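Below is one structure; the comments refer to it alone.
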Amino acid sequence: MSRVTTTYRVENYATALCVFNFIAHRRRFISVSAFSMKMRFLQLLTILSFLLLIVKPISAKFYTNISSVPPLQFLNASRSAWETFGKLAGCHVGEKVDGLSKLKHYFRRFGYISTAVDNFTDDFDDVLQSAISTYQKNFNIKVTGKLDASTLRQIVKPRCGNPDMIDGTSEMNAGKKFRTTERYSFFPGKPRWPNRKRDLSYAFVPQNNLTDEVKRVFARAFTRWAEVTPLNFTRSESLVDADIVIGFFTGEHGDGEPFDGAMGTLAHASSPPTGMFHLDGDEDWLISETKISRRILPVTSVVDLESVAVHEIGHLLGLGHSSVEDAIMYPAISGGDRKVELARDDIEGIQVLYGGNPNGDGGLQTSRQTSGGAESGVDWIRRWRGLVFSLSSIATCIFLICF
Ligand SMILES: [Zn+2]
Ligand SMILES: [Zn+2]
């Protein structure tokens, strides 16, 4: 067997693993044990084999710095998105306007309309109004239930392909029962990498032919999470053995979550312990801005790779989306923006799952883990804060009754 043939088979196996992993992720509302997942993998492997012939990772386009981006990229940014949704400005309940069915598909994709609903019409109905209201709440926009300018501006921003809501529930703003400063969220069931897994490996799909410069971007992104957790990340050359597999794909790529060309959705990633990380190969990616932690340029269609990588790694470790705009786990990022520093909200969220870095001095070293699993210092502090508040309330009542 030639070396080329061997490589191809290994890559196909890994691709199948990605596909299976993502399907498992999308259906992981029901908790599935690692053993049964392996058994299901064997059962599904045959069915998925045909996908091996159509799933083709590609080579994405990379820019090494912002000055190398052609001026045309700035002009074209977000134009297609505005062409789709911009004309819907001002629509309200009772109207029928071309394009509203597309908008309903958008909201269904990100969890604001049930996946059971199909055959969308162009009517502005109660379902759409409810979806818009929930969306506005999640993105800190004044809740009007109408397609006002600020809502549309948010909708057309490039964003993560992971949904904000699952099964009609959201742990972003819309799901918070009480006022709280914490906005981080988790996947249903709060999945995380098990205690025995503190050293995680990641590998790149070889067919992308990524340069070392691109790979270093991902290494930096992993380091940002390692600094505030007990987790370590190392690069592996073996796709089969790696915990996390990273690949650039375009359009339909076998997991039922097709990419949509330039802008729109940029990437998606699975919850633990699946380890699937896909990026849209149709984006123009900016790769080399190592010393800049924050940048906001005039809108451009070039997307900062490290910003997206840090966000998706948050998903791979168990975080959902946050309503805090400064947080890495906020779902949207404008072309030309760079946001790579973990915010307090991100650190508090990840330390609920894993605790702090025992060797680090950064982040919020308030966490501890218990034998019971995921409880951390953040949970502990919150509980004591609640207890102190309750006791002081009782004392106040007693004082008022007695005196
Ligand atoms: Zn996301
Ligand atoms: Zn995918």
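Using N, Cα and C of the backbone, Cβ positions are placed for all residues, glycine too.
The C-beta environment of HIS315 (Zn(2+) 2 binding site), restricted to residues of the same chain at least 6 apart in sequence and closer than 8 Å, consists of CYS160, ASN162, HIS268, ALA269, SER270, SER271. If you look up TrEMBL, you'll see CYS160, HIS311, HIS315, HIS321, MET329 marked as Zn(2+) 2 binding site.
The domain 'Peptidase metallopeptidase' feature in TrEMBL is assigned to 189-356.
Taken residue by residue with DSSP, ASP243 (Ca(2+) 2 binding site) is part of neither helix nor strand, so it is coil. Taken from TrEMBL, the feature Ca(2+) 2 binding site covers ASP243.
The annotation Zn(2+) 1 binding site is assigned in TrEMBL to HIS253, ASP255, HIS268, HIS278. Using a 10 Å Cβ-Cβ cutoff, HIS278 (Zn(2+) 1 binding site) registers 25 neighbours.
Residues or ranges marked as Ca(2+) 3 binding site by TrEMBL: ASP260, GLY261, ASP280, GLU283. When secondary structure is read from DSSP and collapsed to three states, GLU283 (Ca(2+) 3 binding site) falls in the coil class.
Residues annotated as Ca(2+) 1 binding site in TrEMBL: GLU283.
All protein chains included, GLU312 (active site) registers 27 other Cβ atoms within 10 Å of its own Cβ. Secondary structure from DSSP puts GLU312 (active site) in a helix. Residues annotated as active site in TrEMBL: GLU312.
Of the candidate recorded positions, GLY261, GLU312, HIS321, MET329, the one lying closest to HIS278 (Zn(2+) 1 binding site) when CA atoms are compared is GLU312.
Cβ-based neighbour count (10 Å, all protein chains) for GLY261 (Ca(2+) 3 binding site) stands at 14.
Annotation for the binding-site residues CYS160, MET329: lowest Cβ count within 10 Å of the residue's own Cβ, CYS160. With the fewest other C-beta atoms within 10 Å around its C-beta, HIS253 stands out among the binding-site residues HIS253, HIS311, HIS321.
Rounded to a whole number, the distance between the Cα atoms of MET329 (Zn(2+) 2 binding site) and GLU312 (active site) is 8 Å.
In this structure, the CA atom of HIS321 (Zn(2+) 2 binding site) is 22 Å away from the CA atom of GLU283 (Ca(2+) 3 binding site). Ranking the binding-site residues ASP243, ASP255, HIS311 by Cα distance from GLY261 (Ca(2+) 3 binding site) puts ASP255 first.
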